[in-house]
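Here is the structure we will look at.
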Amino acid sequence: MVAESMAAQAQKPRWGEMEDEEAEDLDFLLPPKQVVGPDENGIKKIIEYKFNDEGHKVKTTTTIRVRKLAEARLSKRAIERRSWGKFGDAATQDAAGDNRTNVSTEEILLERPRPPGSKQEETKASGDPFQVSKAGGVLMVCRTCLRKGDHWTAQCPYKDLAQPNFMNKPPTPDADKPGLGKNTYVSPALRDKGPGERTPTEMRRRNDENSVRVSNLSEDTREADLGELFRPFGTVSRTYVAFDQKTGMSRGFGFVNFVSREDAERAINKLNGYGYDNLILRVEWAAPRAT
DNA sequence: GTTGAGCGG
């Protein structure tokens, strides 16, 4: 049965193979292909024999110039490296058992994966940290200074303090913290700070004073673009593009905050009226945000 | 003409 089908196949070759088989048979009668060179000038000759349409034997000589290593822009070091043996993991693994290439399963969060307002992410019932902490007895954690059980964010003593002098001279609202007697040495890093708390310097506060408003943005301008545009003028602490809550479309304006007011001023002077994405940018000091 | 999100007991 098996032999029969094999015999049938041998007698009746598939049409796609016919030409190849024919050629193979004829090639057997021809002199073998010769390759000469390449010589020191990179000249390589290939001599082949074929049958033309009339069945006559034809000799074909092909001359090609092979690129020398130097022409391929390989440095001497690179040429030398070609003779090295494999090392590292590659020395003990063949191509089949290659585990040097991995597919990453890491989650990469996109900047704006969906328009805001569309309900897709549901907070799991047990996933809310505040629900858990309430049940666990931890009541208040201030988001500004991370102090626990002391005050809420809105009542944080640091909340309304002015930024520059404040950083040089930290206030001491909690001098009576347990374990921090007045005569005990406390390292500068931990001064006026309990475990898990933020020093005033660590607290990130928005600095609206150096806030620059940018308007007439094209609708595909994103925060990263604003960063690139304004970074040359100085350290940018924050960029923001206003998006419509419902449509997710840009509202055509945004804000850039600078660490230094002077940098912000230079950016305003240079970029106001600047052409960007076929639009004329408007750059000015931002008014204090509405409550 | 157009000025920002989050934030609770």
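Here the Cβ of each residue, glycine as well, is placed from N, Cα and C on the backbone.
No curator has checked TrEMBL annotations; they are predicted automatically.
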Annotated stretch (region 'Disordered', per TrEMBL) among the listed ranges A:1-23, A:254-276: A:1-23
Within the domain 'RRM' (A:210-288), residues counted as helix, strand or coil by DSSP: 23 helix, 30 strand, 26 coil
